[in-house]
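Visitor: Have a look at this one.
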Amino acid sequence: MKIDILSLFPGYFDGPLQTSILGRAIKQRLLDVQLTNLRDFGLGKWKQVDDTPFSGGGMLLMAEPVTSAIRSVRKENSKVIYLSPQGALLTAEKSRELAAASHLILLCGHYEGIDERAIESEVDEEISIGDYVLTNGGIAALVLIDAVSRFIPGVLGNQESAERDSLENGLLEGPQYTRPREFEGKEVPEVLLQGDHKAISQWRLEQSERRTYERRPDLYLNYLYKRSIDHKFDEETTTNRDHFKCDKISVVLEVNKLKRAKNFYCKVFGLDAMSCENKFCLPHEGKTIFWLREVQAEKKNIVTLSLSLDCACEEDFCYLLRRWELFGGKLLEKQADEHAVWALAQDLDGHAWIFSWHRMK
């Protein structure tokens with residue numbers, strides 16, 4: 001893969017690109033990284049590359065030097081990426097996609113940004129490495145190169161590690177252990193010592209799911225949502241469907257205080273508390289019955305529920321989420337794409353609720 005970096009400070013990249021895995025990949029010609037100084041395309045005697053914006057504020061990179069620099073290295077198969085906090089978030093999935101490209105041109109942001117006309121004319125995609133602002137786009141460019149290079153065959157000593165690493169299946173990696181078996185009174189989990197590979201794989205998945213739920217609810221929500229999309233039945237291979245009809249489903253929710261839980265659900269979903277007793281059904285959906293069972297806190301089992309809501313519009317979906325928070329529940333994460341909106345919430349007893357609403361086509 002060839003990568004051209006366009007920056008005001010090409011010397012910034014010398015150290016990272018000459019050491020460790022990236023340095024070795026460049027020496028082995030798995031990566032061909034070239035640096036271009038934007039100032040070489042500056043205007044006038046002083047090679048001016050920036051100017052004051054018409055809207056006021058800090059300096060901007062001018063359109064002409066930027067477009068000239070890009071066009072000097074652009075080929076027919078090039079993909080131009082502007083590293084910007086306004087771009088789509090860099091993910092493992094996006095890194096894998098970019099690794100399939102033959103030529104990337106990375107435009108590093110400087111000052112307060114770049115004249116929009118240069119972006120509209122030359123940039124194929126804007127990418128961000130997170131919701132924060134850096135001193136220059138060179139840092140972001142290095143992050144992208146490092147993330148992408150892992151998926152280029154031969155860059156890693158063991159390519160399988162790229163597939164197994166954290167985030168590759170949408171989850172954080174779980175805890176890992178090495179010798180000794182016991183350290184300061186803490187022992188390695190017994191399941192890892194028994195040699196049962198199936199049990200170990202199951203344990204690792206469970207630990208990854210738990211850690212992701214606790215530390216990155218946004219990733220956990222996306223993981224569950226994508227998994228629900230992937231788990232579809234093949235109409236042609238599914239037989240005797242008529243023999244497996246379900247009239248009603250009952251879900252038991254263990255709660256600390258029955259009255260408190262009942263009041264919460266009734267207020268959120270607009271139900272009559274007097275008629276609910278210790279069970280309730282959601283409005284317009286009578287096939288699922290939620291039973292509330294009062295238990296002691298230490299004996300309570302936490303469950304995760306996923307509900308696809310039939311709302312008239314996205315505003316109605318957001319209204320439900322506001323009611324959830326208003327009456328004491330927690331809204332942990334909310335995401336959206338062109339197909340759906342979904343949210344991860346937590347009720348008063350710690351049960352996880354995944355609400356989704358699919359946009360009409």
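Backbone N, Cα and C atoms are what each Cβ position is placed from, and that goes for glycine too.
Annotation source Swiss-Prot lists S-adenosyl-L-methionine binding site at Gly109, Ile129, Gly130, Asp131, Tyr132, Val133, Leu134.
Structural setting of the listed features?
Guide: Cβ contacts within 10 Å of Asp131 (S-adenosyl-L-methionine binding site), excluding its own Cβ and spanning all protein chains shown: 7.
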Visitor: Which has the fewest other Cβ atoms within 10 Å: Ile129, Val133, Leu134, the binding-site residues listed?
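Guide: With the binding-site residues Ile129, Val133, Leu134, fewest surrounding Cβ atoms within 10 Å: Val133.
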Visitor: Return the maximum Cα to Cα distance in Å (whole number) over the record's S-adenosyl-L-methionine-binding residues: Gly109, Ile129, Gly130, Asp131, Tyr132, Val133, Leu134.
Guide: 15
Visitor: Find, among the binding-site residues listed as Gly109, Gly130, the one whose Cβ has the highest number of other Cβ atoms within 10 Å in the structure shown.
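Guide: The residue with the most neighbouring Cβ atoms within 10 Å is Gly109.
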